[in-house]
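*Asks:* Please see the structure below; I have some questions.
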């Protein structure tokens, strides 16, 4: 027998009573975006559960995609069969004989939404249970925590049988918590920060600073590849490339070396905040981890934050590097992140950056520059690209080819 659909059980949105349908509609939209790589698959949702119709598509590939989508608590692949007792008996016997192993226990859980069906739920439980005993006489029934819980649902159009319950990603559907601007470098931390923001329902737009010719086309391609990895959790992501060469050259020329990183980050924060304002974002998200590098001390964060009143979310701020790497490997961004392309934060990195910069000093150095003009020109020059989910490709090999 071949699976015909996958039944979706919702996650935390079950607690969002007043906004429930808004959350469900957003989840449906996200599933459609992520599953768009399977042209024959369709999605339907109602108040209690969702349904992914396979229409001949390989179940295992679709299931792997569903495991990543936030807002799904669990899902079950289902067999669609004709709605009569004889057909149900044969289907249940075939399924049970294929999955049963010595010593396993079972339970039949029948449910009717079509009350015109000839047997009620209790009678159907008994009939199908007897059918299992007739082909597996040594099997034992167990009502609490059986090894196999065979669920039979009688709907208006057909009957559906399932026995697997696969854990989903949980969290909230992406987009239900508003929009945030992710400051995406090419490193390990910022994609992980983006992933964790997505899990809490934030619709992220990736802001990436490029400084050609100091940063290469390969660095930009790397940032695109990292963004594409994040699309599998909720669908399309807007990638915003910011021209940053003029600003970095200006900072290099007019500020002391120890303050290069602080001033660079302050400009990045200003620009990201301006983009957020123009694109109706609510927060800024970055991959800062406390004490990991010179620009991530509390004093540095304070000096950098001083340029905006917008909330800054730092999902990995308390994590050790190994904890961040574990998540990066889980979400398949690590091997891309470690490819050796320089980004804006490394090309002019000073040997001894200031770890406790003073706000008054940074402001004094910025008076040597046309801060507003530099920010305006950078924002005016942004390029926005829609990054879409796609079938698995070897992004790492592509990046290595660029290096060679």
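Cβ atoms here come from the backbone N, Cα and C positions, even for glycine.
The feature domain 'THUMP' is assigned by Swiss-Prot to 60-165, with sequence analysis given as support. According to Swiss-Prot, the ATP binding site annotation covers 183, 184, 208, 209, 265, 287, 296, on the basis of sequence analysis.
In the displayed structure, how are the listed features positioned relative to their neighbours?
*Replies:* Within 10 Å of the C-beta atom of residue 287 (ATP binding site) sit 25 other C-beta atoms, taking all shown protein chains into account.
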*Asks:* Who sits close to residue 184 (ATP binding site): which same-chain residues at least 6 apart have their Cβ under 8 Å from its Cβ?
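*Replies:* Expected: 190, 191, 194, 206, 207, 208, 223, 226, 227.
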*Asks:* Taking DSSP states H, G and I as helix and E and B as strand, how many residues of the domain 'THUMP' (60-165) are helix, strand and coil?
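*Replies:* Summed over the domain 'THUMP' (60-165), the classes give 37 helix, 31 strand, 38 coil.
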*Asks:* Please find which two of 183, 184, 208, 209, 265, 287, 296 have the most distant C-alpha atoms, given that the record lists them as binding ATP, and give only that distance in angstrom, rounded to a whole number.
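*Replies:* For the residues that bind ATP, the greatest Cα distance is 19 Å.
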*Asks:* I want to check the contact list for residue 296 (ATP binding site): same chain, sequence separation of six or more, C-beta distance under 8 angstroms. What comes out?
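*Replies:* Once residues fewer than 6 apart are set aside, residue 296 (ATP binding site) is near 288, 289, 290.
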*Asks:* Can you tell me whether DSSP puts residue 265 (ATP binding site) in helix, strand or coil?
*Replies:* helix
*Asks:* To what whole number does the mean pLDDT across the domain 'THUMP' (60-165) round?
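*Replies:* Average per-residue pLDDT within the domain 'THUMP' (60-165): 95.
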